[in-house]
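Sequence annotations record features per position, and here TrEMBL assigns active site to CYS271, HIS329, ASP352. The feature Ca(2+) binding site is assigned by TrEMBL to ASN392, ASP394, GLU441, GLU446. Under the heading domain 'Transglutaminase-like', TrEMBL lists 263-355.
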Amino acid sequence: DLTPTHISWQPSVNASNHHTDRYANTELTVRRGQAFTITLYFNRPKQNGESLAFVTEIGPSPSESHRTRAVFNLSEAGPSGWSAAQGPSDSGSMNFVISSPPNAVIGRYSLTLRVTSGNKITSRFLGQFVLLFNPWCTGDDVFMSNENERQEYVLNENGIIFVGNARYIEARGWYYGQFQDLLNICLTMLDLSLYYRQDPAMDVSRRGDPKYVGRVISSMINGNDNDNGVLLGKWQGSFHSHENPSRWDGSVVILQKWRQDNYRPVQYGQCWVFAGVMCTVLRCLGIPTRLISNFNSAHDVDRNLSIDKYYDSSGRSLNIGKDSTWDYHVWNESWFIRPDLGRSYSGWQVLDATPQEQSKGIFQCGPASVLAIKEGEVDLDYDTLFVYTEVNADCNRWIVYNDGTKKRVYCDTEIIGRSISTKAVGSNSRVDVTANYKYPEGSSEERRVYKKALAKIFGTSITEGRTESPSGRSSETVRNPGIAGKFKLAEPPVFGKDINLILVLSNLSSDRKSVKVDMSASTVLYTRRTVAEILKATTSVDLGSKQGKHIRVKIPYTHYGKYLTTDKRIQVTALCEVMHMRGLKLLVEKTIILEDTNIIIKLPRRIVVNRAVTLEISYANPLPEPVSRCVLLVTLMNQQVKINLARLAPRERSKIFFEFTPRRTGPLQLQVDFSCDKFSHVKGFVTISVAPA
């Protein structure tokens with residue numbers, strides 16, 4: 001019998017042609033819709049009358065009806081879309097060019113050779129290969145035409161996550177590492193999902209569809225469904241012996257720990273961690289993906305396009321009500337077409353792995369078309385209404401009196417969904433993509449879309465303006481108290497120093513006013529949940545005609561220091577009541593992010609591959625008291641070095657010299673994390689450009 005004795009998968013040529021040469025796994029990894037070459041060595045030359053065919057199979061129950069099995073003869077185009085042709089060969093070997101269809105199921109395939117000689121058919125198993133999505137293939141649903149964007153959204157292992165708040169946006173480094181030893185983990189993730197457990201054959205057959213794969217992955221990054229998901233989320237309380245979410249600098253260590261712990265969820269993550277890990281998995285599978293940060297991000301539990309926040313009669317924030325607004329929320333966008341909705345809704349699609357709400361019984365979110373969100377098409381698949389409210393909800397403020405009655409004192413129609421941000425292509429700059437999600441606030445287009453969304457939720461009769469809450473909880477209009485107020489910082493708020501604020505109150509009318517001011521300050525999380533109250537004060541001020549006055553507020557470090565979390569946030573509120581005017585009130589609010597003393601990383605002017613380089617890393621204690629148990633974590637790609645440091649005196653800055661040898665050219669991200677007994681996870685990062693020798 002004609003028998004193959006050896007196979008060459010032509011790994012270097014195929015990997016280079018398919019942009020898969022950086023994957024750490026050794027088996028052939030190629031992209032669909034594009035030909036790859038193999039060489040077969042036989043025990044003897046092929047004779048006339050002998051014909052060859054190939055069989056590809058994937059999943060537990062391969063079938064041609066499910067498109068998980070294909071049989072294709074040499075030089076014949078079959079119905080499956082798979083094909084094989086013979087290339088230039090010699091007497092001892094034969095070269096074959098194998099092509100997959102651009103909509104093929106992705107994953108690990110087995111390849112078998114079938115030899116027919118007369119009435120005799122023999123089959124020989126040749127091995128396995130991995131097939132991925134192909135953004136370079138025009139027929140693939142994930143096709144992306146711009147090469148710079150493909151380099152960024154598929155091939156770049158280094159990322160930037162924007163955090164902070166809308167007035168103080170910070171950049172945090174993140175190492176995606178999608179080409180490290182993660183491909184098997186990502187494929188296993190698909191096989192652990194609830195979708196696979198319910199119907200393995202059907203699940204595998206749908207893996208050619210990026211919107212299906214994206215939705216499954218969004219359910220698997222969180223561990224909330226007893227599905228062996230990757231991460232458990234935690235937003236308050238102690239992290240005990242587990243990892244504070246702020247400790248993570250990249251996805252690789254999380255995914256490898258998940259595998260090492262036999263696919264038990266890693267503890268703990270928060271939104272940017274869920275998004276960073278999902279970006280790694282989707283890029284690894286070949287789907288162009290990026291991170292999006294939405295500042296003042298709403299979570300509208302009762303789906304009425306209104307976020308309701310409650311305060312007591314002295315202005316303290318109350319942790320009641322299910323709605324919430326986070327300083328920022330991070331999700332993913334992936335790029336693919338939407339034939340289920342119509343071509344106009346193709347392009348960027350929102351996917352969110354942070355477990356906020358169930359969708360069809362599972363903690364998953366998306367894909368929601370960004371264009372559908374902008375146009376208020378909140379009834380379109382998947383979870384478009386949920387994402388629409390994250391960027392568009394109205395924000396109502398309520399006072400809860402001692403007898404339980406509630407009065408709405410403020411409605412802001414513009415504060416939700418600010419400075420929606422992503423990393424620029426080819427640089428670490430921030431790009432504002434708010435216009436992708438909504439029309440300008442207050443514009444006629446924005447009003448039209450909002451009314452359209454309301455009508456889709458509540459019925460066509462709902463057309464009220466945005467100053468009225470559609471929840472129906474209050475029939476009264478928010479009355480203007482005739483005064484304006486805002487908090488201003490007297491100086492930048494630095495961690496370890498006293499915070500000096502000014503409450504600026506202005507009388508908008510010619511009538512004199514006496515104003516009672518109840519002030520409160522609390523440390524808060526980035527989700528704006530209160531941790532501890534640190535200041536409470538009451539004062540009064542008289543405002544003459546059109547007069548403005550300044551009220552100085554001081555929050556000493558001794559008051560806030562021990563109550564701060566790694567979020568380093570303080571929320572200040574002032575409830576200003578105009579006396580003798582039937583209780584008209586103004587609520588003034590400000591969230592302060594305390595600035596860390598910077599980690600400073602100094603680089604040599606030129607860094608060359610395979611040559612040792614020394615960096616200078618300086619770090620500081622910003623506090624008016626000494627700190628001990630100082631630790632510096634330096635991470636380069638997936639390698640981390642822990643350096644124990646001497647204690648630091650009050651306000652002391654120190655430095656170390658760190659030597660390493662880069663082993664590849666191109667951009668490398670170096671991350672630094674400083675912790676001590678009084679605070680933890682002060683971050684710094686730098687992108688290093690490594691030149692060829």
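For all residues, glycine too, the Cβ spot is worked out from N, Cα and C.
Nearest Cα neighbour of ASP394 (Ca(2+) binding site) among the listed active-site residues (CYS271, HIS329, ASP352): HIS329. For ASP352 (active site), the nearest of the recorded positions by C-alpha distance turns out to be CYS271; the candidates were CYS271, ASN392, GLU441, GLU446. Cα distances from HIS329 (active site) to the recorded positions CYS271, ASN392, GLU441, GLU446 are smallest for CYS271. Averaged across the domain 'Transglutaminase-like' (263-355), the predicted model reaches a pLDDT of 94. Neighbour density around each Cβ, counted as other Cβ atoms within 10 Å, peaks among the recorded positions ASP352, ASP394, GLU441, GLU446 at ASP352. Residue density at HIS329 (active site): 25 other Cβ atoms are found within 10 A of its Cβ, drawing on all protein chains shown. Broken down by DSSP into helix, strand and coil, the domain 'Transglutaminase-like' (263-355) contains 18 helix, 42 strand, 33 coil. Residue environment of ASN392 (Ca(2+) binding site) contains 25 other Cβ atoms, counted within 10 Å of its Cβ in all protein chains. Separation of the C-alpha atoms of CYS271 (active site) and ASN392 (Ca(2+) binding site): 19 Å, rounded to the nearest whole number.
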